[in-house]
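Q: Got a structure for you, questions after.
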Amino acid sequence: MMFSRVMQLALICAVTCEDNPCLWERFTNSRDIEFMIPVVNLSTSRRLSMSQRICMVSMGKHWSRIFSEGEEDRGMKDLDPLLMSSLNWRGTAKTRSSNSFNFDILDGIFLGFLDLVKWGEEADRHTPIHPECIKSKVCGFMTASGPRIKTCTGKFRGADRHGHCTNRATPHEATNVISVGVQHAQEANQVDEHEARYISEARKSINPEICSIDGVEINQCDLASPGRWLMLHYASFRLQEGSLVYLSPGLNIKWSQINVPASDFYCINVSDHLNTHYRPCEVNCTDNCQGDELYCSVHQCARSAECKCSFIGSRGMAEVQIGDRWFKPAVVGSQQFFVKEDVPVLQQPSADCTTCSMTCTAEGIAISSIKDELKDVTVCVEGFCSTRVSKGSKVWKIEFHNQYPSSGSVALARGTTVSGETFELTAECGRRTGCEQINCLFCREMLSNPQCYPYGKWFLLFLILATLYIIVALLKTIMRIFMACLSVLYGPFIIIIKISRCLGRLGKRKGERTYVRLMEALDDERKPEVVRAPVSLGRTKQPRIVLFIVLALLVHMALCCDESRLVEETSVTCNPGPDNIFSCSTKEMITVKELRAGKTICVSLKGPGGSLSSPIKIKMLDIVGRSDLLDIYFTFNGHANCKSVRRCRWAGSCGNSGCLGVGKEDYDRELGDQESSLHPNWRDCYDGCGGAACGCFNAAPSCIFLKRYVTNADSRVFKVFKPSAWFLSTKIVVETTSHKEDVTLKSGEAKVIDKVSFHYRTDKNLFAGMSIPPIVTEVKREGKPLSFFLENQGQHPKCKDENSARTSSASNCIVDQNTISANVRVDDVSCRSNLVSISGMSTLKPLPQRVGDFLIQLHNDEPVLLATGDSGVVEGELQIDLSHKKISIKVDTTVCRGTVKELKGCVGCTKGAFASLEIHSTSAGSASLQCSLSSCYMEVQKGVNNVNCSLRFSKAVVEETCVLACSGSKEQLSIKGNLIIGGDFKKLTEDSATSFSHTDSKDTRIHLQTGLMNWLDTLFGASLLGKILGIGLAILSPFILILILRWILRVVLRRSRIRREPKYEMAKYS
């Protein structure tokens, strides 16, 4: 019964409300209006007109008083469940008790049309609208949506099969109202076709990421989101057919008061004070009404009249700014709309590239893709890594040139193809070691290692000496030719000089004779002629030229290898315990001066009888440059928003005192957008123009309300690192029998792990004076993030965490208010954004980036510096203090015997030498092999064990006796073999980078052999006498060889002459 009466009232409203400002049907009809299609999932609601859907008056605090007055004697008890104390409608009694949603939702929509005074009294002939709606001229409306999931608690207990709550259910606090908004309607002219096209294009540009609003397409999208409710401001414009609605997150509105219409005055009957809310004047007032000063200035007023009219403080006529133009809309307001946004086409979860492959041969590394082109590839081998962004290529080849990875080296390649497929490939670069690593002819590696070709070295030596002899002879011949040319040119040169001198003397004599004749003519005296003897010239001596030739064979510096440190029994103190387990300690400080990334150092103590403790393993994960970070914060691509409204004096929130009396809540009321307060925002009020020229009744300055706020433009988040001082640091993993921990040590820092102290010292001036701008990396869940330098540190937001940056939180983000500058004009405000584009800087200096001799990149979410070229070897050391550590050693009688099967590797290089041993042990335990410069810790099992032992030697030709020791035995082993000098991988590509490494210059001089000394040892042995004789023989050998050749030629020529002489004599006598 109630529903049918409400429906009748609603239908009457649609045709009889001529002065109702909420009726959009004065300008448009429901089939042409945009963005207001029904969002209620009820079939009955779809037949409602636009006015019936949106015209629920914005009463707020008035509802309770109106209903209480109406309940006394007007039969309103049945409407009590619809009572609402605020705009946040919590639902009705029907929602909580009934299994039907239809009636209460429609009641909520039609609530604004119920005329309480005329309830039941000829409703079809009276306007079913409350006077408060006419007084405010601002209508609020709701968009209902229901049912919403379930309204029952406790895992849906008390719900029927349709999902509705029954009487047994514990009621939820249902909230069926999705959106609440306000709107203002006014007289407006139609916009022409050109203006409509301009507004339509501006709507697309201001909402680039919105696909549709309430089902109306805004932009074409390949993939749209499921949708969400979003508060938008809108302005509706009249077209010749239908309407056009402009929407944006905010609107700049300018209100003016021109030609005050009668509807801007609220007239009531003053005779009956009890019914002021229900008895407005039946018709618009004329001269027979009384009113306020403004009303009487427009109309003639009577002092005694039952009707009194007052100015209701109307906003006036609204103009909205679209682009750089101002338009007068028919309706302006704000509402939550159901918006579907564009979803960027994300790459599908990376699939493995099944057509990608990698090979590692003697020539180099080749990475290829059969199906798609390579997008980016990172290749690492022997600690060197190179990155390449491919340009339309399916193959990337890296040549080794005159180098080859050592035995067991594995090349690793990671990257993606243009189709988004990822690959992670490995390839073993052969089992070559020692002399097999040399893959060039007449190169430095070959010349430095004569031990690798025992027979060819003599031939090579002869070629070298012969080449030197030829060079000397060639230089001597050139000098002879030069001197011969000088001797040929000497004669003509002397002749020319003599002729010039002769001519000079002749000229001088002639001049003297002329002078003498002149004097004789004057003095009549004749004197005898004087003849001078010529001056003889000496011959110039020819210069002597002395030639000095120096031969030097150089090899490059190399790194050390993995090593074991054994603390001898004399430095260890042990106390016996049960089961032959001794508790031992040492005061000795172990210093390791040769360090590299990937190196493992084993430290063991020798107990009674030579028994070894379980080693303390120190794994060097990296040695890179790190920085103390001044600041770490999150930022985003900020979008500057500026929203302004101009209000004439005495209208709305612009009171008598103008901007001085404006409060915080006034901005929200005037600008109509509370969601912007969730973002960093600033509120300002400026004095604007007043008077008739600006469309205002009062000449006092108007109020221009302005809100500036910053939002995240694209939901992307970036993390910013601001480095200060840089220093070398190492990350190590320490493993003992009972503990394992990783720690980062920076230069000069000491830390304790499981009672073992580690002190790291390096060259602190390596990065002195280095200045690096802030580093930015994009926070991404999938895919490769952008990393780059923040060169232009202009205005940008700074947030505490990722979520605050993604939502542009006002509480956790700091933004300088100068990021949005405001320029106040006569009746509006123009804004300019000073925000910098964070993502736009990614193309200027992307990481990795070369900085001097170093390469900076992000590694494990922190900026690090890597070495390039020859900058990677620096001095440094790691000190290990075991004085506070008790180490257990089990003493047993393990007996082991062994033989050396093979010795391969290099000397003075990163990986060092490897001795392959075959050890037979009587029981499981530990064994050690100790040589003159290094030692090796090994774990053995009962029986035969094939183990590899890492050692260091000082010579390429090794012939040394080492000691193989177990807890119950010691044995001498002879190690012989040829190693190569160097053998380290120099560089993968020109732009490759690697971790830093440390080496000791003193130790380097001990175990690094120059190529010349290696040649002497190889050719003539290690004794001094052998080297002296060998050097002398090498110097004299060319001359001796030439003498022998000459002697051979003479013998051959002599024999040929002897053979020819008998034939000549026989021919003579015949």
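Cβ from N, Cα, C; glycine included.
Small disclaimer: the values here were computed from a predicted structure and weren't measured.
Sharing the feature lines straight out of Swiss-Prot:
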- C22-C55: disulfide bond (DISULFID)
- C152-C165: disulfide bond (DISULFID)
- C296-C301: disulfide bond (DISULFID)
- C360-C429: disulfide bond (DISULFID)
- C380-C385: disulfide bond (DISULFID)
- C561-C602: disulfide bond (DISULFID)
- C574-C584: disulfide bond (DISULFID)
- C654-C703: disulfide bond (DISULFID)
- C659-C685: disulfide bond (DISULFID)
- C799-C813: disulfide bond (DISULFID)
- C896-C966: disulfide bond (DISULFID)
- C906-C909: disulfide bond (DISULFID)
- N269: N-linked glycosylation site (CARBOHYD)
- 480-522: region 'Golgi retention signal' (REGION)
- 541-560: region 'Internal signal sequence for glycoprotein C' (REGION)
- 18-457: topological domain 'Lumenal' (TOPO_DOM)
- 550-1023: topological domain 'Lumenal' (TOPO_DOM)
- 458-478: transmembrane segment (TRANSMEM)
- 1024-1044: transmembrane segment (TRANSMEM)
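Please situate the listed features within the shown structure.
A: Long-range neighbours of C296 (disulfide bond) (same chain, six or more residues apart, CB within less than 8 Å of its CB): none.
Secondary structure from DSSP puts C360 (disulfide bond) in a beta strand.
Counting Cβ atoms from all protein chains shown, C380 (disulfide bond) has 17 others lying within 10 Å of its own Cβ.
Under the DSSP three-state reduction, C602 (disulfide bond) is assigned to strand.
In the three-state DSSP scheme, C584 (disulfide bond) falls into the strand class.
In the three-state DSSP scheme, C703 (disulfide bond) falls into the strand class.
Around the Cβ of C685 (disulfide bond), a 10 Å sphere holds 20 further Cβ atoms from the protein chains shown. In the three-state DSSP assignment, the secondary structure recorded for C685 (disulfide bond) is strand.
DSSP gives C813 (disulfide bond) a strand state. Taking the Cβ of C813 (disulfide bond) as reference, residues of its chain lying under 8 Å away and at least six apart in sequence are, in sequence order, P680, P797, K798, C799, K800, S804, A805.
If you take the C-beta of C896 (disulfide bond) and look for same-chain residues 6 or more apart in sequence within under 8 angstroms, you find I919, H920, S921, T922, A927, V940, L964, C966, S969, E971.
DSSP assigns C909 (disulfide bond) to coil in the three-state reduction, outside any helix or strand. Around the Cβ of C909 (disulfide bond), a 10 Å sphere holds 25 further Cβ atoms from the protein chains shown.
Mean pLDDT across the region 'Golgi retention signal' (480-522) comes to 79 in this model.
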Q: Where does C296 (disulfide bond) sit in DSSP terms: helix, strand, or coil?
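A: Once the DSSP labels are grouped into three classes, C296 (disulfide bond) ends up as helix.
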Q: Quick one: what's DSSP say for C429 (disulfide bond), helix, strand or coil?
A: coil
Q: Tell me which of the disulfide-bonded residues C385, C574, C584, C659, C966 sits in the most Cβ-dense spot, judged by other Cβ atoms within 10 Å.
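A: When each Cβ's neighbours within 10 Å are tallied, C966 leads.
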Q: Can you tell which of C703, C799 has the most other C-beta atoms within 10 Å, given these are the disulfide-bonded residues?
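A: Top count of Cβ atoms within 10 Å goes to C703.
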Q: Return the residues near C602 (disulfide bond), defined as same-chain residues 6+ apart in sequence whose C-beta is under 8 angstroms from its C-beta, sorted by sequence, else 'none'.
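A: Listed in sequence order: E563, S564, R565, P615, I616, K617, I618, Y937.
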Q: Report, in whole Å, the straight Cα-to-Cα distance of C360 (disulfide bond) from C380 (disulfide bond).
A: 12
Q: For the disulfide-bonded residues listed here (C301, C360, C429, C654), tell me which residue's CB has the most neighbouring CB atoms inside 10 Å.
A: C654
Q: I'd like to confirm something. Which of the disulfide-bonded residues, C584, C659, C703, has a Cα closest to the Cα of C909 (disulfide bond)?
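A: For C909 (disulfide bond), the spatially nearest of the disulfide-bonded residues is C584.
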Q: Here's one to test understanding: among the disulfide-bonded residues C584, C685, C906, whose C-alpha is closest in space to the C-alpha of C360 (disulfide bond)?
A: C906
Q: Please report the Cα separation of C584 (disulfide bond) and C685 (disulfide bond) in Å, rounded to an integer.
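A: That separation, Cα to Cα, works out to 80 Å.
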Q: Work out, from DSSP, the number of helix, strand and coil residues along the region 'Golgi retention signal' (480-522).
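A: Secondary-structure breakdown of the region 'Golgi retention signal' (480-522): 43 helix, 0 strand, 0 coil.
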